[in-house]
Amino acid sequence: MKVKAPGRINIIGEHTDYNDGYVLPFAVNRYVFLSIEGSDRFIFHSENVNETVEMEKIEKLNKWTDYISGVIASFEKRGYRVSPVKISVSSNLPMGAGLSSSAALEVATAYAISEYFSFNVPKLELVKIAREAEVEFVGVRCGIMDQFTSAFGKKDHAIFLDTMTLEYEYVPLRLEGYEINLVDSNVKHELSSSEYNKRRQECEEVLKTLGKKSFREVTKEDLERLSGTLRKRAQHVLEENERVLKSVQALKEGDFETLGKLLFSSHESLRDLYEVSCEETDFIVDYLRGKEGILGARMVGGGFGGGVIVLSKKGAFGKIKEELVESYKKHFGIDLTFHEIESSDGVQKI
């Protein structure tokens, strides 16, 4: 049996998903492909890494297999019996560019196991199983957005998701005359070892200081009670949530000019208040600002490298691509990679 699960790009709402905030992602037309069959032991094969790993029982190896093993462990924790299987994966999702290749692998695994063993697990439960694999097994304290989008994606739509209640709404993504590109800085970050978990701790510290249970209870007035780093982190989360709401409205009205401006201000906030951008992604965003037909850009993903999402009028980005490549190479000695991004449906059998 074969399945595919898409990666995702988040239009706006960065570092809000683990703070009970709003996000606006969509599933992209790049996938993890996975096949599953019975076996006498667990065999995991990755075409991309060109490696096969065998194990008698599920164990943590601190490598790519942990995403698969973690999902199986989550099923078993819930009382499902997963007998040994051979799982083969391949992907056309770029790693580390902010498109959530890990979540796509987890969702593909969860969906394949549920279907193969006829567990008939509801989609939302599969999302929770996939996320639990990353948080508890892999050890990255991610929010739920990535797995949710890979499972619930819908072509030609973004998902306006409230990560606190998991209520969601499909918002039409009509890009006629516009395009979305991803620029990969090719500066790689591994979330586990980066500042990501530190930002989570800082946000928990904010809540502790204010005596609140959730960021949804935090108001602009509360910022006065904070200072220094904690104030900056809280201000980003509050304002980024507002930007998501404005972006949903802009998308519904087909107002891409406003959406673009919101992307630029999101990047500034991620750079100055949340402090998760880096020299390379800042350079890309600054370079694009003010160029003809470029409506907006911001870093995407956890930060410290990765990708930049670019919203532009159709064809405008292509005209300045070469200059950007040369300029970036001159500054950093690194080549850029580009991906034109289209929306996609969520996880499915193939």
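In case you wondered, yes, glycine gets a Cβ from its N, Cα and C as well.
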_Listed in Swiss-Prot for the substrate site shared with Glu14, His15, Thr16, Asp17, one of Tyr170, Tyr178, Tyr196_ = Tyr196
*Rounded Cα separation (Å) that holds between Ser102 (ATP binding site) and His15 (substrate binding site)*: 17
_Glu14, His15, Thr16, Asp17, Tyr196 excluded, remaining Cβ within 8 Å of their centroid (substrate)_ = Gly13, Tyr18, Asn19, Gly21, Val23, Gly143, Arg199, Glu240, Gly302
*Would you give the longest CA-CA distance, in whole angstrom, between residues of Glu14, His15, Thr16, Asp17, Tyr196, the set recorded as binding substrate?*
13
*What is the nearest of the recorded positions Gly98, Glu134, Asp146 to Thr16 (substrate binding site), using the Cα of each?*
Asp146
*Determine, from DSSP, whether Gly96 (ATP binding site) sits in helix, strand or coil.*
coil
*Quick one: pull the CA-CA distance for His15 (substrate binding site) versus Asp146 (active site, proton acceptor), whole Å only.*
12
